[in-house]
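For reference, TrEMBL has these:
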DOMAIN    419-693  domain 'G-protein coupled receptors family 3 profile'
TRANSMEM  418-439  transmembrane segment
TRANSMEM  459-479  transmembrane segment
TRANSMEM  485-504  transmembrane segment
TRANSMEM  583-604  transmembrane segment
TRANSMEM  616-638  transmembrane segment
TRANSMEM  658-680  transmembrane segment
Amino acid sequence: TMNLSIPQISYASTAPELSDNTRYDFFSRVVPPDSYQAQAMLDIVTAMGWNYVSTLASEGNYGESGVEAFVQISREMGGVCIAQSLKIPREPRPGEFDKIIRRLLETPNARAIIMFANEDDIRRVLDAAKRSNQTGHFLWVGSDSWGSKISPVIQQERVAEGAITILPKRATVEAFDRYFRSRSLSNNRRNVWFAEFWEENFGCKLGMHGKRPGSLKKCTGLEKVGRDSSYEQEGKVQFVMDAVYAMAHALHRMHRDYCFGYPGLCPRMSNINGKELLGYIRSVNFNGSAGTPVVFNQNGDAPGRYDIFQYQITNKSTAEYKVIGQWANKLHLNVDGMRWRTGDPTLRASVCSMPCQMGERKKIVKGVPCCWHCERCEGYNFQASEFSCELCPYEQRPDRNRTGCIPIPIIKLEWHSAWAAVPVFVAVLGILATSFVVVTFVRYNDTPIVRASGREMSYVLLTGIFLCYAITFLMIATPCLAVCSFRRVFLGLGMCFSYAALLTKTNRIHRIFEQGKKSVAAPRFISPASQLVITFSLISVQLLGVFVWFSVDPPHTVVDYGEQRTSDPEKARGVLKCDISDLSLICSLGYSILLMVTCTVYAIKTRGVPETFNEAKPIGFTMYTTCIIWLAFIPIFFGTAQSAERMYIQTTTLTISLSLSASVSLGMLYMPKVYVIIFHPEQNVPKRKRSFKAIVTAATMSGKLVQKGSDRPNGEVKTELCESMETNSEYFTLVDRI
């Protein structure tokens, strides 16, 4: 076919495809295309907070094009998903509309239904919803085919209640009403269809040539439009007038440009080009019959201007369409003026998934961005964004809402804690007991028992015992640079003092009796001064190790977040502690333990020395007990390394072990002496003095008698042994003098 290039201006065509300027380049219209209508409907859906909707279209260009435009715009803008897109056939079978309602109910969360359907289909869809007892379930959003029409909702007001519809903004042209009401058969002969309208409007017959057969009354010709019949202005009158005026304005401007000052058509306009006229049409700009501008865009479309209605049932149970907003490239909606189901003013949601709670991330359902599962951010994760959880920094934990991270509380061993109270109580008792022993020994410094104990070594040993008790307070004190420094120095020093002194004592006893077996000459280095030198030489090794530790790794505090990093972040705590690792602790105590083991070996070697010879056997019992204590300490200390209360258990275990070690030494070595000094002073008097040779000889003989006793019947050796007891009691008094 030949393209005549004839411009057209439509007053009613709203199909979106007519905006295609490559196919319909000479087409213009004074009504907005349905794509604007679809945009307005999408804006309404978004404003309502709905993101999951279904569409329903009547088969045909209007319905299918409208839904297609809605789906395309929603896909481009995002945020709204289409649950189902259903089509109403041109010739629906019986039960078709009931089937459509059942299909829509397959996605019950998609309550909002976008409808591009003719009014007859709308009426039958509402009727099917009513039959299915779905009154109040669906949220209808209707296009201009529904608009403010009564026919689709009559007798089914309840099921249509709350429906939102749109209609191109239009105004009643009063001049047209005055003109049309004044028309009669006599003054409107030029309209060939007017007679037929007259018969239809007034229900009468115009003579023999009337168009309406039957026995109707005869028209008088004096009937009046609007008086003898109902009259309402057709909604498209405004657009018809605007279309005519648009063409008139275009021709007027063209005539002014081509035929300026020439009445009628000039030769230049006698054979005009369609493209030239189209240019004048597209450039018109005037106020139309409704007072709004009439303009065209590059595609020939008029701007979109819509009124938004809601079908409401008033308090008087009367239903009506109420204007609740308008759309002109932007939505203006009066949400407060909207009413939903009678007796239930709340807005129903049309969403696939409800919003996630704070601290939950969205896990999108594949292919449906509006549907998701909410997953709690577990463990030490917090909600970093709408769709992701991230791990908090190591020193932090999630807040209660899991929307951010907060610092993990830092704790330390408190004085009022039961874990601290017991060691402190034991340490205080030990310090009091040690002080009592020291005071007693100082007061009775020159008595035989004190002198026989080796005064200088006793004071060294008591100093070590005191330090073992005192370290408890450093272990519980709040960690700081000074406390951590003192911990390093004194942690192993107390044990080192104690076991260096005991090792020196047991070694001296062993050497004396070994020497006594060979000769009566006194062994070397058994004087108090020599013993002190040996003891402090052993102690200096510990101090040297500590100073090396200081230089290699200066003391400082650390916060250990791993120790109490529980599965429940609410219970997680950072532990303030000194930077003394388990390995460093063992190294610090290791030298003292070595001294203790060596001392135990000597205690075993001197086990055959008669119990009256100084402290050989009490020292032996002390070392055996101490070894048992520290053997028990190791599994308890290292076996609780994974416990949430590791700090408490290990600190308490260490301090109790040190206090018990000190208590064993204090109890076995010094309490019997203090008891004798205070309660049996008669035993604390000088004996007759004999030479070293005589005493050692007697001691050696005593040892032999003891050895013989193992080969004789019980009691046979008692007489000989008792005779030597007095001799043996003088031994260490003499040694002390030496």
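The backbone N, Cα and C atoms fix where each Cβ goes, glycine too.
No curator has checked TrEMBL annotations; they are predicted automatically.
Quick caveat, the model's predicted, so the values are computed rather than measured.
Looking at which of 418-439, 583-604, 658-680 has the most CB pairs under 8 Å to the transmembrane segment (485-504), the answer is the stretch 583-604. If one looks beyond the transmembrane segment (583-604) by at least 6 residues along the same chain, the residues whose Cβ comes under 8 Å of a Cβ in the stretch are 488, 491-492, 495-496, 499-500, 502-503, 506-507, 509-510, 538, 541-542, 545-546, 549, 553, 616, 619-620, 622-624, 626-627, 630, 654. Looking only at the domain 'G-protein coupled receptors family 3 profile' (419-693), the predicted model's pLDDT averages out at 79.
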